[in-house]
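Chemist: Annotation comment: TrEMBL describes CYS79 as active site, nucleophile. Residues or ranges marked as active site in TrEMBL: HIS166, GLU168. For SER220, GLY221, GLY222, ILE223, ASP224, SER225, THR226, the entry in TrEMBL reads ATP binding site. The annotation domain 'GMPS ATP-PPase' is assigned in TrEMBL to 193-385.
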Amino acid sequence: MEDVIAVVDFGGQYAHLISRRIRSIGVKTHVIPHSMLPDTDISIYRGVVFSGGPASVYENNAPKVDMEKLRGKPLLGICYGHQLIAYLLGGEVRRERAREYGRAELFLKHGCRLFQGLPDRFMVWMSHGDHVEKIPQGFETAASTNTSPHAAICNEAGNIYGVQFHPEVAHTEHGLKILKNFVFDICGCSASWRMEDYLEKAVSEVVEVVGPGRVLCAVSGGIDSTVTAAIVSKAVGKRLKCLFVNHGLLRKNEPEKVLETLRKIVGEDNIIYIDASERFLNRLRGVVDPEEKRRIIGHEFAAIFEEVSKAYGPFTHLAQGTLYPDVVESGKSVGGSAVIKTHHNVGGMPQNFGMKLVEPLRELYKDEVRQLAEMMGLPRWLVKRHPFPGPGLAVRIIGEVTEEKLEICREASAIVEEELEKAGLLDEVWQAFAVVGDDKATGVRGDRRSLGYIVTVRVVSSVDGMTADYVKLPYTVLDRIASRIANELDKVSWVTYAVSSKPPATIEPQ
């Protein structure tokens, strides 16, 4: 029987990231909404992980579980899950005086199996507003921080563990080792899950869902939509049409490169190309609210899909390269996470299309998609390509999208990538781009005072986009970037560098 770990989702932003981390060490996972736990057969799982969540355990409507149902199963609670375990088993949880976000130093106090093989102190990632004040009977404090007296608790006899921090995020040192200790040593799992299995499953599911139908696949040329097209093409062949819409918000020389790549992957006859640049820019004129920009772009994409469907159809299914971070940031997590941003390709498709959605990547993270791309033999440049938002440069332009600001954003971003490429850093970072808004600053050109735009350069490192650090670029590289932008773009006077991590910031400015 295959070893599987259940991840119970309480609406946390990282619920599927926990699942991803466990899958990355070779063990299959099922993500279960907490509301479905009463109807779930727990006996098929080797262990259970409680995710974090936005609620407080002492609130009347906070999600709860029947701990008796989990008796005998190894259990790990993370953040809200940690607090819930303590609360339900007789401990006390209190609200913090100040919410704790970011890094904290963890001090091990008790050598429980969860921390076997780890140093006595290391850095972890915190994101919480409550903490365990009193531990339940039968538990011991396994670790603490300067602000969390019971940052980790354990009941070795019952195989129950709780951690206030997030071992699943890349910023926690030894986080993967902690998960390995739980999955392999405590739950007794073996590593038997492979990405090849996911690919086979994704193709077979598309075959089953689509049947004899025809599929329209929205393709941006990014790795997500391109891998989606490749999977769907493998499943249905010539019954696929790939729609590439140029909304005028793409990177420099991007439309030409996208078309060249798509021809190699799905064939010329399976591509529908529409240049809708003027249409999108006209609709965005005068719009400054970022959510309104996203809604407009989503609406226009949906309208074009409908037009294409009528002209080239009928189509039974619409394929999209939706990833789980898109879903979780749009508040569509199975546990009900809070809305952070609205993504144009999540939940915004009108129901009267007569098409059903096909989203073979919906439960994957970017690094997994890259694995699939390599496995399927897609071009290396595509595999290494930086993530790019569906609304394009519109969300990297603060305020109204104008032709002038669009040109600055496009050219400045190209300079950032070019200089990182020269320095051998482009493939080492997660994203690198430029942002422009309405603010202007005084500059000097020749002997005359000038007023120009302020451009902000953003370069971040990440594993999956759920958390990110700004990259501490060498000053020589920053100097070349700033010098080129200011000298080559005569409407720019200042160049700044963004030094905020995610959280509390997001990677994209809007």
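From the backbone N, Cα and C atoms, a Cβ is placed for every residue, glycine too.
Please treat TrEMBL annotations as automatic predictions, because they have not gone through curation.
Small disclaimer: the values here were computed from a predicted structure and weren't measured.
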Chemist: For ILE223 (ATP binding site), just count the other CB atoms lying within 10 A of its CB, please.
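Modeler: There are 24 of them.
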Chemist: In which DSSP state, out of helix, strand and coil, do we find GLU168 (active site)?
Modeler: coil
Chemist: Would you kindly give the Cα-Cα distance separating SER220 (ATP binding site) and GLU168 (active site), rounded to the nearest Å?
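Modeler: On Cα coordinates alone, these residues lie 30 Å apart.
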Chemist: Quick one: give me the count of other CB atoms within 10 A of the CB of SER225 (ATP binding site).
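Modeler: Around the Cβ of SER225 (ATP binding site), 25 other Cβ atoms lie within 10 Å.
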Chemist: Quick check on the recorded positions GLU168, ASP224: which one has the highest count of other Cβ atoms within 10 Å of its Cβ?
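Modeler: That would be GLU168, with the most Cβ atoms nearby.
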Chemist: Count, for each of the binding-site residues SER220, THR226, the other C-beta atoms lying within 10 angstroms of its own C-beta, and report the residue with the smallest count.
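Modeler: Among the binding-site residues SER220, THR226, the sparsest Cβ neighbourhood within 10 Å belongs to SER220.
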Chemist: Inside 10 Å of the Cβ of GLY221 (ATP binding site), count up the other Cβ atoms and send me the figure.
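Modeler: Looking across every protein chain shown, the total is 22.
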Chemist: Within a 10 Å radius of its Cβ, which of these recorded positions (CYS79, HIS166, GLY222) has the fewest neighbouring Cβ atoms?
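Modeler: Taking CYS79, HIS166, GLY222 as the recorded positions, the minimal 10 Å Cβ count falls on GLY222.
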Chemist: Using DSSP with the three-state reduction, classify GLY222 (ATP binding site) as helix, strand or coil.
Modeler: coil
Chemist: Summarise the model confidence on the domain 'GMPS ATP-PPase' (193-385) as a single mean pLDDT, whole number.
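Modeler: Summarising the domain 'GMPS ATP-PPase' (193-385) by its mean pLDDT gives 85.
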